[in-house]
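Heads up, the thing below is written out as structure tokens.
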């Protein structure tokens, strides 16, 4: 893939979005840390993550018309979706194969996640979760770092690391299952980041994320039943 044209000089809005995105991340992590030691667990942090990420991007888009600045419009949408579909398909197959090997080698199902997704019907929140994650990490934060002049490769790596670590702050399950989700998140962050970097459009990364979320559901709900009955 070839990069599209460079973005204009840094503006006050770019600085504001950078500070707001990092401020939201810090607030989510602090809320998750405090909640971990209370009966509320990480639920307040997860709620803040969903509402805060989507709300912040919508606020900046509606009030400041910064949709293109945040890579929600503009760039190369066709290229973004093309590579998102290709990368999503590859990661989907890799994830399914790794999961089957994991279970056959004695690994246990993600029981707590299955209770949350199926038992509490939280699977229906997945579309919102995908948008929240992409809007924050590959949208407002990623774009503001690029427009601030941060190296593109470093931006991809840092936002992927933040996205990965965030699973420990917002997932109301045991640490082992958080670690499994974090392991799945890192390649999504890296590949999705490069799609956004090269296309200046977030929607290919959203598509990639949606495809891998489907594979995650199969990992948790379907594959264990097929293997173990």
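Backbone N, Cα and C atoms are what each Cβ position is placed from, and that goes for glycine too.
Where the annotation comes from TrEMBL, it is an automatic prediction and has not been curated.
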The annotated transmembrane segment range in TrEMBL, which must be one of 2-19, 20-37: 20-37
Need a quick answer: max count of Cβ pairs under 8 Å to the transmembrane segment (153-173), which of 20-37, 43-59, 80-103, 115-132, 206-228 is it? 20-37
Need a quick answer: max count of Cβ pairs under 8 Å to the transmembrane segment (43-59), which of 20-37, 80-103, 206-228 is it? 20-37
